[in-house]
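Structure record follows, encoded as structure tokens.
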């Protein structure tokens, strides 16, 4: 039995290492690759995916699992967790017919290009037939995975193992009216100032790197580059992030960096023993997002930390258009109308996500068809945000996710925010002196607490349990809402 | 039969794509990887090597080859060339026992570190036991590959298919006395001036990129970065080079770049149809080196091109310590004493290589043992260069090659120079107006001729045939020696 476990884990570690190489290749594609290499890179990625798929569905895994699951001896927690992950991944790999997997890969790789063009042309009709194809295949895949159970729940497992739509809908259903009510309150109050001036982009990158280090990102095991979209990639001792700069908006660079540092620090903090095993990375998209969001928002946009940041920015950039730390805090947290999820503020962000969650559940459940999607999007947007979508690129065409088959991914963004709310409440209880450290530019009491209570465990516990163990209670939307209501009522003097 | 060929080639293309990914990983390691990722990267590379070894020795290849080789229909030239390459690679993969391959991988990965430390400590004795281990394994590997034939020849095939030590020794035996005689002549003449001043390193990189483009390197399918050692890596539409800068020596950056551009342009020029197949890359190390050396030396250090370069350098850097293009040409081609192969001039370079070739043949043939290697090196060095090696890091410890098991690689450097000599003679016959283009900063008549006559063929012809077809005659050392004697007698007014 030890032999079977060792053989299985050696095989898994090799697969993990190869998967990490594929991840490095994606990083390269977004940062370093010459543009003429795109088609060739597609062939390289397909070959790597072929290797990974063959390994993940290798019948030897089934045999090792059968031996180990039938063994009478009790397993240690690490062994049990590894087997749980491997069983889930193996079942997934063998449940989806090879024909369907290949068809999905083919269709989504084309669909992304079709989506990009339709968005550029502001023409949803040009994307609709392709999206219908993707949706049809994802419904098929979900049905194959669900084994008679709920199709949407089955898709959700790829991103948030253990989560169910029922659970999420309960949280989100409680969240939505309170967010809308808070938004209505804020909209009645005077708007804070905006930054003015232009901000040297090299100086923004230097500030971003310094702040990244301040938040505990280890640059001997990572690096920061510019890319079109900010992202974090890699595990263990090679976790890289990207950010972007705009001369008139230093917050874009800075808060994208802090967000990605949250993701990257999580990966860097996972116990080294777990490297390349199923435990050797963040446990789910939701828990991942909880780290990026608590770094970015509850810590990075706090009054205490922004008072430090105000000093740093005026020292580095001179006059920035706001008079003092108090005004700067309001500027950082300014609530502003907009169509685009990724540009949204902390208050409205989850309304964007909830809209997508409800629509994609309806799509998967065949309660909504692609032909009616644009109208449904626009109606829901007007209902939640109080104004109309002006064009598809500001509405139903804004996100890449559905084009590449990511149905079940969106809710993990809001789940991450809910988890961040829970963690933040527990963190404040555990670290009553946090604000004075943050005001001195030192987030280490927060990042240290998160490392110890969440990050180092990697995939050891199920996602929801990871949060529950760290906070001492079952996750709910309550702490997030209380935090938001307190923060924005205070900010807007309501 | 077409089915077997198609199946084999699909498999080969996937393997080629995965091998290219492994190459991208090595590039990353030398340019972008955070230093803390080294150990993890070792595990990633080992996993990739495992995948590649399994594919290259996959029994299905043997079955496909057997079917195709037994088929009565005649093959087209591309098919025949592919089968020849695949047969060679497959036989190699199955002849070397897995135990020996694994042991070689393990020992050489450690040996490189031992060598680096011994070199830093100037202590050959610290490296000798490890080198003996590597040599023992390489002798075993050579014997397994040779099937009773010559062991050194068997090792040579990895780098220069079709070459034999007998052939090389005949060329090199004729080369050595003429090189020594020419060196003696030059040493009697007054030495040219050196550059003076310091040269902004960013400006050096800008010049290097401009010159790279001038030589036809397509930067939409490549990129230039800094690294400790200059190298070229990749195939087809993703071929990247590195260079390095030193403030007091702009020629280091510039000629390293032109050298690597020779390698990279070859890869970029191979017919696109061959991508990821056995024909889709430079055919051998020797032919590869012929391209890098003809770009660097016969073109890049020609009187015509250096007259253009003198103008560019004075325009960009101001006063550079030499008065005119004539003096600049002599400075670029200054013959200077030195211990280190990679810093050597065009005249002495091959004496460094021939020394290594003779020693490594003796080592493989058990005519020389590692215990006596340092003494043999120093005696040969004194005989060829006329002065004594002062310390092992300037002698037997200077090159990494043997530590990583590269026995049979060194002679391809001089073979490349011999080939470059042959190609240059043919090029001058074909392009009589070349010098006036070069003087105007336009190497395209040369690079175009090489692309058409050598580079586009990739692996279609055997290495020696590739040169013979381009030049119309069997390769020999004659043209190289005539070129060198004419050039240096003229330069040194002998």
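Just so you know, glycine gets a Cβ as well, placed from its N, Cα and C.
Per TrEMBL, these features apply:
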- A:260: active site, proton donor/acceptor (ACT_SITE)
- A:259, A:263, A:289: Zn(2+) binding site (BINDING)
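Cα of residue A:289 (Zn(2+) binding site) to Cα of residue A:260 (active site, proton donor/acceptor): a distance of 10 Å.
Within 10 Å of the C-beta of the residue listed as 'active site, proton donor/acceptor' we count 27 further C-beta atoms, all protein chains included. Following the DSSP three-state reduction, the secondary structure of residue A:263 (Zn(2+) binding site) is helix. According to its DSSP assignment, residue A:289 (Zn(2+) binding site) is helical.
Remark: residue A:263 (Zn(2+) binding site) has A:232, A:241, A:282, A:288, A:291, A:292 as non-local neighbours, by Cβ distance under 8 Å and separation of at least 6 in sequence. Apart from A:259, A:263, A:289, the Zn(2+) site neighbourhood in this chain, defined by C-beta within 8 angstroms of the site C-beta centre, holds A:232, A:260, A:262, A:288, A:291, A:292, A:293, A:295, A:296, A:416. Residue A:289 (Zn(2+) binding site) counts 26 other C-beta atoms within 10 Å of its own C-beta, drawing on all protein chains shown. The 10 Å shell around the Cβ of residue A:259 (Zn(2+) binding site) contains 23 further Cβ atoms across the protein chains shown.
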